[in-house]
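Feature annotations, courtesy of Swiss-Prot:
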- 8-15, 55-59, 118-121: GTP 1 binding site (BINDING)
- 181-188, 228-232, 293-296: GTP 2 binding site (BINDING)
- 2-166: domain 'EngA-type G 1' (DOMAIN)
- 175-353: domain 'EngA-type G 2' (DOMAIN)
- 354-446: domain 'KH-like' (DOMAIN)
Amino acid sequence: MKTIAIVGRPNVGKSLLFNRLCGKEISLVYDQPGVTRDRIVCCIKKEGKEIVLVDTGGLVFDCQTDLAKSLFDQISMAVEEAHHILFVVDGRTGLLPLDKQIAKFLREKHKAVTVVVNKLDHPGMEHFCAEFANLGFEEIFAVSAAHNLGINQLLEKIFSLGAEERENPIFAPSTRIAVIGQPNAGKSSLINSLIGESRLVVHEEPGTTHDAVEVGIEVCGVPFTFIDTAGLKKKNKLQEGLEIKVSGRTVHSINRSHLVWFIIDGQKGITLQDKKIGGLIQKAFKPCMVILNKIDLLEDRLNLKEGNKKGMLYVQEQLPFLSYAPVVVVSAEKKWNFKTLLSTLLRVDQERKKRIPTHRLTQFFQETLNQYPPPQVQGKRLKIYYATQIYDKEGSGGSPCPTFILFVNNPNCIKETYQKFLEKQFRQAFCFRGCPLLWKWRKAEGKGESSLHQDVILSR
């Protein structure tokens, strides 16, 4: 599979160009240098052919901080792995000394290079490309990523580089996992440790990740896509427009995921902000795993079995609304307890896709009501005629979580306390570990005295 890396100095429009070429907004775009930090990957297709595009951060050579060095290393790896380079420059500012440094860097890597002169926002500005011939590369394209000018011609060039024709897509459908938590909880470190390479920038400075970066791995032959997100900060700390946009993309990643990994700094413990993040997961009705990271830094060392048990009790006490979520204690740095982590992931993924036949559901609820009759409400007792599970082929249940419709005599006859009892009995029978359950109580046609036109939805 041909890989093309988009490279250039900061703020020349690489991420906007990447989004244009991919046909959707993947990389975060903001008018500030240094927004992109990790390598962002997208597979683009045309007439059955595929090419992988890689967006990179702004390339600079004066790496005075550890974070800057990490960013440089990420870009260097992207260049090494690429078959071809799109070298993006800014047509409005013209040729700068840093552009010449980058050109020298790319020549030393012995890579095929196409120069893309961006920000030529009006037809007829192609003459601005002339000075970039001094970079020493033969192919030069004039584009405006902002106004979609020259993009089709550039795509033609990209697919002429030898895109592969594939019967099966390179990125097979997979379970999408949003990896969320506070800044510096160890989200990127955990993903890097799982895949065995420094795919994501890791630094002690909170807020290193800006984009929601997707990384694919297989676990026992099952494909998963991890979405590494920016750490969610307190609202009063979202002072800049960029941080607000980053936070919004993180919430969006939760909504489009199938499952959430909630990473908590085990050394700091669960904070008020962690509880607010847990509330976002609950509100989104997402299957979830809670992962207590950095257990290698705890003074009170626990063996892993004891740690998992104590971690579960601690999370249930602090985050009772996520009581359905399994808890795993890990060390991303030391790669501790990864076997339990991945086996739990496989189990939760299976549970979220579980299907219970209508006849079994109906039998369960009718037997439970006969054995444990519900309390009367205004002289009426709840009756469940039959129950069914909603689902679609994708496996999300037509909903973020397993969803059930119960056809009853009167939805108003169900008390919340009795529903909690029913759910406890239900989980003992069918489990659904790691999954919230969504219940829709619907009046059966021709049953009962009143007619309700909407479902009564109670969920946990």
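Placement of Cβ uses the backbone N, Cα and C atoms for every residue, glycine included.
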Can you tell me how many other Cβ atoms are located within 10 Å of the Cβ belonging to Gly8 (GTP 1 binding site)?
26
In the predicted model, what is the mean pLDDT computed over the domain 'EngA-type G 1' (2-166)?
83
Cα distance, Asn11 (GTP 1 binding site) to Asn184 (GTP 2 binding site), nearest Å?
26
Closest to Ile295 (GTP 2 binding site): which of the binding-site residues Lys14, Thr56, Leu59, going by Cα position?
Thr56
Quick one: give me the count of other CB atoms within 10 A of the CB of Ile295 (GTP 2 binding site).
22
When you measure from the Cβ of Lys14 (GTP 1 binding site), how many other Cβ atoms are you left with inside 10 Å?
30
What is the separation, in Å, between the Cα atoms of Leu120 (GTP 1 binding site) and Thr229 (GTP 2 binding site)?
32
What Cα-Cα separation, expressed in whole Å, is found between Asn11 (GTP 1 binding site) and Gly181 (GTP 2 binding site)?
28
Going by DSSP, is Asn11 (GTP 1 binding site) sitting in a helix, a strand, or coil?
coil
What is the separation, in Å, between the Cα atoms of Thr229 (GTP 2 binding site) and Leu59 (GTP 1 binding site)?
22
What is the Cβ neighbour count of Asn11 (GTP 1 binding site) at a 10 Å cut-off, with all protein chains included?
16
With every protein chain in view, how many other Cβ atoms are within 10 Å of the Cβ of Leu59 (GTP 1 binding site)?
24
Return only the integer: C-alpha distance in Å from Gly8 (GTP 1 binding site) to Lys187 (GTP 2 binding site).
27
Can you tell which of Gly181, Asn184 has the most other C-beta atoms within 10 Å, given these are the binding-site residues?
Gly181
